[in-house]
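Notes to accompany the following structure.
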């Protein structure tokens with residue numbers, strides 16, 4: 001080659017080398033071919049000048065560390081000097097430079113090489129480790145973010161979600177229950193990723209293309225996502241922050257999980273081309289399709305936790321897949337992973353992170369998959385261990401227990417003597433017994449009349465009983481057979497059998513099921529601080545509990561169709577073994593808006609709260625509720641008797657026109673309590689005296705962020721408790737009535753003492769409003785339900801969450817702990833709109849879940865209500881759960897029965913017993929005006945009581961197993977109908 005061309009070639013090589021960032025970016029050089037025309041020939045240049053220039057360029061490349069560029073230059077110069085053509089010289093340079101020049105750079109490599117260097121971050125991480133070829137050996141955080149931003153393809157997530165959706169929908173029907181829940185987290189995080197990266201148009205496109213597929217199950221969530229269109233919206237949105245901070249828990253069988261992981265990593269598998277659509281099928285191996293699948297795999301790796309179950313797909317029920325899934329607030333949180341060539345992991349293998357790769361599934365982090373491990377079970381075991389003190393008996397001090405035992409023994413002995421006297425008197429006045437009736441036995445009818453005489457006409461009651469244990473309960477008049485059967489007589493199906501003697505010879509006074517409980521019983525030392533001395537009212541309360549246990553109605557929903565002796569049980573007998581319900585209807589509520597209702601423990605008072613900020617109470621016995629005079633002389637008030645003298649007297653009009661001083665029950669049997677400045681949401685009477693005496697105080701919670709304590713003696717407010725930062729949704733007295741708990745919109749529940757104006761404990765952990773609560777019978781634990789779709793059990797003393805219950809797809813509207821201390825019933829409000837916090841089922845249904853407090857597992861799921869469930873309560877023995885709802889029904893559920901769908905073999909008699917066919921449904925089994933068939937309920941629904949236009953807001957089961965319900969009559973289109981059951 002001519003001499004004048006060499007300096008130009010060398011200069012070009014030097015310029016190329018100086019602009020390169022590292023040795024791997026060495027460029028290819030093509031020598032300039034000289035023209036053979038003499039007119040265009042360059043002026044002659046000396047050979048020494050050309051050699052000097054080449055030496056300078058080579059020295060420059062060596063100094064800058066461009067070793068491969070130096071090798072390429074030398075190889076091309078040597079080839080040209082040997083007389084080879086320019087093409088051959090270029091090939092020699094490529095061979096000398098090595099293989100990196102013979103392949104195309106991937107998007108990930110190009111982004112990594114083009115990203116600006118974060119030398120300060122790399123030096124801080126590795127103490128100044130030098131950068132090598134291809135970038136820093138330990139790139140800084142800013143360099144990693146820059147590389148991620150450069151390799152973004154805005155279509156990857158939209159394409160990837162479409163591919164996963166088509167693949168899931170094209171799978172076998174047996175896999176659908178496991179695959180459908182996967183679409184929700186992938187869609188949400190794909191959308192939020194695009195919004196976070198500022199790709200608003202791509203996010204809107206994703207929502208428009210695929211939002212309709214999730215609309216039937218999650219309308220509320222999609223409506224919420226449409227309001228999040230900017231990155232600034234994400235920082236202020238609680239739901240979005242929860243999605244980004246927690247891992248979304250899913251459950252899959254090993255078969256389905258293996259198919260999913262194989263398709264995401266390789267695009268292969270037994271159903272790789274199922275549901276072929278855009279981006280699915282023949283073009284799976286194309287780079288855009290690969291990037292889409294890896295984008296979905298990365299979301300699963302960073303944002304999800306898949307619990308792999310060792311079960312066959314056909315063995316998994318929807319209830320099993322729903323429990324403990326979704327955003328559970330337990331388990332590992334979000335953690336980023338390293339990226340591979342296409343924005344995902346290399347061939348599905350996640351780069352090493354702080355959590356490490358899974359041993360069984362290297363494509364995923366250990367936090368993204370668990371083999372049989374349950375995050376909820378791990379959380380419960382970590383916080384409380386497997387054992388809780390769930391014994392239902394409220395522990396009493398030794399002196400109080402001895403006094404209660406003595407009083408109760410005397411009462412039982414007096415009742416026995418009175419019974420013998422009545423029998424002796426009846427033998428002397430009544431005709432001889434009929435054939436077949438032995439001496440000492442009673443017929444059912446005689447037993448009933450005896451009970452009535454004992455309660456109404458008996459005048460031999462001792463002064464001790466009249467002064468200490470006056471009964472005030474409608475249970476006696478509600479059903480026949482509330483008395484105690486004679487020795488040797490058979491107890492009827494609705495009467496609890498009389499207690500006998502225990503092994504030690506002491507009289508068993510009732511409640512022996514508690515003594516036989518296998519649960520750990522608490523002690524007095526486990527309780528929150530109690531009064532040092534007991535009062536006479538404490539003795540009356542405990543004695544009344546034993547009396548109620550002896551005389552309570554027997555509720556047995558599991559009564560068989562035929563007895564062991566061969567006699568057939570009639571439908572009427574089976575119906576008699578179910579609860580009796582007394583319904584109270586509020587009329588003419590109008591614009592006042594009934595918000596809550598409650599009954600006192602002794603069933604003498606009923607109270608209701610209204611949206612117009614007042615509380616109204618009624619006397620269920622028709623007795624006057626008179627307030628105090630305005631000129632009360634407080635020094636004269638020393639006890640309750642002297643207080644009665646200070647009450648207002650009303651002139652009562654006689655028929656002859658004269659006036660007589662007295663109290664007018666028609667006017668004073670109801671009173672209003674005014675003091676709140678917002679709607680009243682919850683009420684709770686104290687149970688200091690139990691069923692032995694009327695309540696003394698009433699608690700009310702309101703939207704004005706306060707709880708007020710009202711005196712039933714003065715009918716005025718005593719204290720206003722402040723502390724919540726928002727509406728107080730629920731308030732409830734503890735079993736001892738020394739403490740009470742509140743649930744508020746500030747995501748906390750709080751424990752209070754009536755003696756202090758400030759909260760004693762705060763229970764924080766829910767991620768949304770705490771809507772409801774319920775005390776355990778032994779008062780050691782407090783159950784709460786929240787709008788975050790979870791329920792929690794708290795240790796009252798420590799303030800720690802000891803159990804977490806996840807499984808509802810809508811806010812938890814009410815909770816109730818069973819009297820035996822074993823179970824927790826929670827009801828979904830059914831108005832969540834499929835928010836996506838629950839995974840397996842986005843159905844907006846009002847269902848009831850029954851949980852085992854010991855293990856934290858769900859026992860079964862009960863469904864049948866078509867409206868929001870407002871209240872739950874158990875019978876005294878805990879074998880029947882009663883619910884009241886907005887669908888104008890009250891349903892009874894067999895706690896110990898098998899749930900699931902109803903069988904088609906139910907007989908007409910079973911329908912009659914269940915109160916369905918003759919409880920308002922038509923001959924075709926459809927509830928009039930609702931379009932709901934009676935079969936739309938789980939098999940453990942044993943009775944349904946319907947009203948026509950009265951949504952039920954409260955249910956209360958008395959200690960003697962009479963059920964009281966209340967609701968406001970809705971004078972809608974069917975105003976001509978009554979609202980009675």
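Please read every residue number as a count from 1 along the shown chain.
Each Cβ is built from the backbone N, Cα and C atoms, and glycine gets one as well.
Curation does not apply to TrEMBL; its annotations are automatic.
Residues or ranges marked as compositional bias 'Low complexity' in TrEMBL: 10-24 (among others).
Taken from TrEMBL, the feature compositional bias 'Polar residues' applies to 25-39.
Per TrEMBL, compositional bias 'Low complexity' is recorded for 45-54 (among others).
Among the features that TrEMBL reports, compositional bias 'Low complexity' is placed at 120-130 (among others).
According to TrEMBL, the compositional bias 'Low complexity' annotation covers 347-359 (among others).
Here TrEMBL flags 402-411 (among others) as compositional bias 'Basic and acidic residues'.
Here TrEMBL flags 418-428 (among others) as compositional bias 'Basic and acidic residues'.
Marked as compositional bias 'Basic and acidic residues' by TrEMBL: 453-473 (among others).
What TrEMBL lists as compositional bias 'Low complexity' is 480-494 (among others).
For the domain 'TFIID subunit TAF5 NTD2' (156-266), the model's pLDDT averages out at 88. Summarising the annotation, TrEMBL assigns domain 'TFIID subunit TAF5 NTD2' to 156-266.
Summarising the annotation, TrEMBL assigns region 'Disordered' to 1-54 (among others).
Per TrEMBL, the feature region 'Disordered' maps to 117-138 (among others).
Residues or ranges marked as region 'Disordered' by TrEMBL: 325-359 (among others).
Per TrEMBL, the feature region 'Disordered' maps to 402-527 (among others).
What TrEMBL records for 645-665 (among others) is region 'Disordered'.
The annotation repeat 'WD' is assigned in TrEMBL to 673-720 (among others).
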Residues of the repeat 'WD' (673-720) by DSSP state, where helix covers H, G and I: 0 helix, 25 strand, 23 coil
DSSP helix/strand/coil residue counts for the compositional bias 'Basic and acidic residues' (418-428): 11 helix, 0 strand, 0 coil
The repeat 'WD' (763-804): DSSP-derived helix, strand, coil residue counts: 0 helix, 24 strand, 18 coil
